[in-house]
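Trainee: The structure is given below, and queries will be raised subsequently.
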Amino acid sequence: MDPKNGSSFTGFILLGFSDRPQLERVLFVVLLIFYLLTLLGNTSIIALSRLDPHLQTPMYFFLSNLSFLDLCYTTSTVPQLLVHLRGADKSISFGGCVAQLFVSLGLGCTECILLGVMAFDRYAAVCRPLHYTVIMHPRLCALMASASWFIGFANASLQTVLTFLVPLCGRNKIDHFFCEVPPLLKLSCVDTTVNESELFFVGVIILLIPVALITLSYGRIVRAVLRIKSATGQRKAFGTCGSHLTVVSLFYGTAIYAYLQPSNNYSQDLGKFISLFYTIITPMVNPFIYTLRNKDVMGAVRKVLCRGYDSR
């Protein structure tokens, strides 16, 4: 193989925050706490959805998928980051870098599509309440969730191949804390305009599908809610969608900054903190956003706790 294309490398060096040793110590403690909260929150959502019959609905089926996805997404980057923050060795093998890029891209794209599917679920619940169980049939839910995962990892396969086709000419120091597309393209010793255009085009196409679904779904929801004469009814209807819209805003806002801007406008330092936000902060807060004002989930928590107390 041509040594210039990076495939003969033994590995890469993830520079991360190595130029700020004091920040590394603080980040280690903060990220370790956040990671444990992420594991606790998302595992709880999955467990409650399985244990409580009242939560075995389409909404919680998709929410369980989102929680599992967030668990995998965070685990694909954060444990390695914690090791690097505490040690002098910042290396990652070439195969490990390829695998990390593929997995993180796949999970990120899957979440992008899954959030669009969840918007359709909210549309069916608010605008077609009498036909909700017919529309959101378990088979359809399973099909939409499976399609999200398949499209997400198919896109990741394409983007990973396009990224590693770029010749690196012996460069192996990645100015980031994990293998991500923008900093990998920065290693190239040739003009990457064509590669960036291809990646941008693929990203936009994938992004347009869920964005169109979210826009259409919430357009219908707003019209339906405005027809409700009761202020209480309107608040209840909007309340069922508020959590989802918050998560959508957090995820799409950071993803658009990271992937859909020209490389000449990309700030490496800011990019690292934006990446921290969507790799650890967003997965950590998602369970809390969905549960803090959710009576069904809080009721399920009380039932599980009471059941555990009574069994003693």
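Each residue, glycine too, has its Cβ placed from N, Cα and C.
Okay, so TrEMBL annotates it like this:
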TRANSMEM  26-48  transmembrane segment
DOMAIN    41-290  domain 'G-protein coupled receptors family 1 profile'
TRANSMEM  60-78  transmembrane segment
TRANSMEM  98-120  transmembrane segment
TRANSMEM  140-158  transmembrane segment
TRANSMEM  199-216  transmembrane segment
TRANSMEM  237-260  transmembrane segment
TRANSMEM  272-292  transmembrane segment
Trainee: What residues elsewhere in the chain lie close to the transmembrane segment (199-216), defined as a C-beta under 8 angstroms and at least 6 residues from its ends?
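Mentor: Distal contacts: 109, 112-113, 115-117, 119-120, 123, 151, 155, 158-159, 162-163, 181, 248, 252, 256, 259-260.
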Trainee: Checking distant contacts: for the transmembrane segment (26-48), what same-chain residues at least six beyond its ends satisfy Cβ-Cβ under 8 A?
Mentor: 17, 55, 63-64, 67-68, 70-71, 74, 78-79, 81-82, 85-86, 276, 280-281, 283-284, 286-288, 290-291, 297, 300-301, 304
Trainee: What parts of the chain pack near the transmembrane segment (140-158), using Cβ distances under 8 Å and only residues at least 6 beyond its ends?
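Mentor: Same-chain contacts beyond the ends: 58, 61-62, 65, 102-103, 105-114, 117, 120, 202, 206.
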Trainee: Could you tell me the mean pLDDT over the domain 'G-protein coupled receptors family 1 profile' (41-290), as a whole number?
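Mentor: Over the domain 'G-protein coupled receptors family 1 profile' (41-290), the predicted model scores a mean pLDDT of 88.
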